[in-house]
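Residues annotated as transmembrane segment in TrEMBL: 15-40, 52-70, 90-114, 134-154, 188-214, 240-261, 267-290.
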């Protein structure tokens, strides 16, 4: 029978905290999916922003689901994780939804940059006019690239798992799991490439948008435009800057989580997991608050729940 592994108190605490973060993030993204899905069923159409949000919520929901399964099994029952087909499927789905999550986030930031920023460049004006036609193709390219990375991850996991199991013996799960972490450099390199490209897109879009809004604010100050308009632009700049800072921290922890040496430092690995599992829920919550339709629906639900609690 498979060997049972004793879980330390640190491991149990890690699993418990990650479980809370995961299910909170899944509920938040499930809310986005339900609201936009119901609106899509009623109106039979979605605008470009809603399309990106719908796919982003879906990718984050399933990414959290498969990441939680992987993390929980790797800490509590690694003998059930590093077996044929199970590990390959988890590697495929986690890689696919993780990369699609990153690319959809980048698409959303690029979309906001094109829609809000104001530059006189011909190419930028062309993108602003053709945004609604470009977004579906951009989303399709993101899905296909994530699918390609998922297939590569499946193939690498299959090859490495087979080689390590043959070299260590069929029943020695601790040696297999140790060698798997050391020999998946190719998969880590692919992850790193996806992280760098998506982060570059987000950083360029955020900086261009911040520059455009800052220049527009300066023009409004010179022309003595009313304070309400200035407050709206300042609010937009703060929102974009906070998103950029959050995405930068997430990118840093993503890179740290792929470095084998940091995995041996349990507190560094714990902090990385803590933020990586919190980011999909926190950022989705910010997106809900910045979208009037989602915010109104959330406030309506919360008010109904509060009324029911008061009645009881």
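Backbone N, Cα and C define each Cβ position, glycine as well.
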| Against which stretches of its own chain does the transmembrane segment (90-114) lie, if we need a Cβ under 8 Å and a gap of at least six residues from its ends? | 48-49, 52-53, 55-56, 59-60, 62-63, 66-67, 69-70, 81, 124, 127-128, 131, 135, 138-139, 142-143, 145-147, 149-154, 156-157, 187, 190-191, 194-195, 198-199, 201-202, 205-206, 208-209, 240, 243, 247, 280, 283, 287
| field | Listed stretch, out of 15-40, 52-70, 134-154, that has the most CB pairs under 8 angstroms to the transmembrane segment (188-214) | value | 134-154
| task | Go through 52-70, 134-154, 267-290 and flag the stretch with the largest number of C-beta pairs under 8 Å relative to the transmembrane segment (15-40). | result | 52-70
